[in-house]
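Record features, source Swiss-Prot:
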BINDING   HIS64, HIS93  heme b binding site
DOMAIN    3-147  domain 'Globin'
Amino acid sequence: MVEWTDSERAIITSIFSNLDYEEIGRKSLCRCLIVYPWTQRYFGAFGNLYNAETIMANPLIAAHGTKILHGLDRALKNMDDIKNTYAELSLLHSDKLHVDPDNFRLLADCLTVVIAAKMGSAFTVETQVAWQKFLSVVVSALGRQYH
């Protein structure tokens, strides 16, 4: 079990309280699909992903980005049991969707870039430490069924 300090909890809660899920979710998923184009293979049913412009304009990608952020909200609300919170989602991604678990880390990295850009100087080293810890726990939980 991961132990969280009061400061870490406060930082992560603060980040989420200021997030526009639609904007941040869309930008993060789009960035992942553009920067790491091999991740597009999991989104074949989402239509044309031919170039950056079509990805950025794709409403299905935008909606899925928002869904991802709401999924992270579940981790925020269950910080003391993220592993079990994501057990079913991990199973779905491993057994049914066959998503390479490294892609969770790539998306987490893109999410960090987008949030850091949005927060600017408020994204301090202390903030990044807490945020990276949170995302590392989430990524580990999502990859749990692969081990």
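Numbering starts at 1 and runs along the chain as displayed.
Placed from the backbone N, Cα and C atoms, the Cβ positions cover glycine too.
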Nonlocal residues around HIS64 (heme b binding site), in sequence order (Cβ under 8 Å, 6 or more apart): GLY25, LEU29, PHE43, PHE46
Secondary structure tally of the domain 'Globin' (3-147) (DSSP, helix then strand then coil): 121 helix, 0 strand, 24 coil
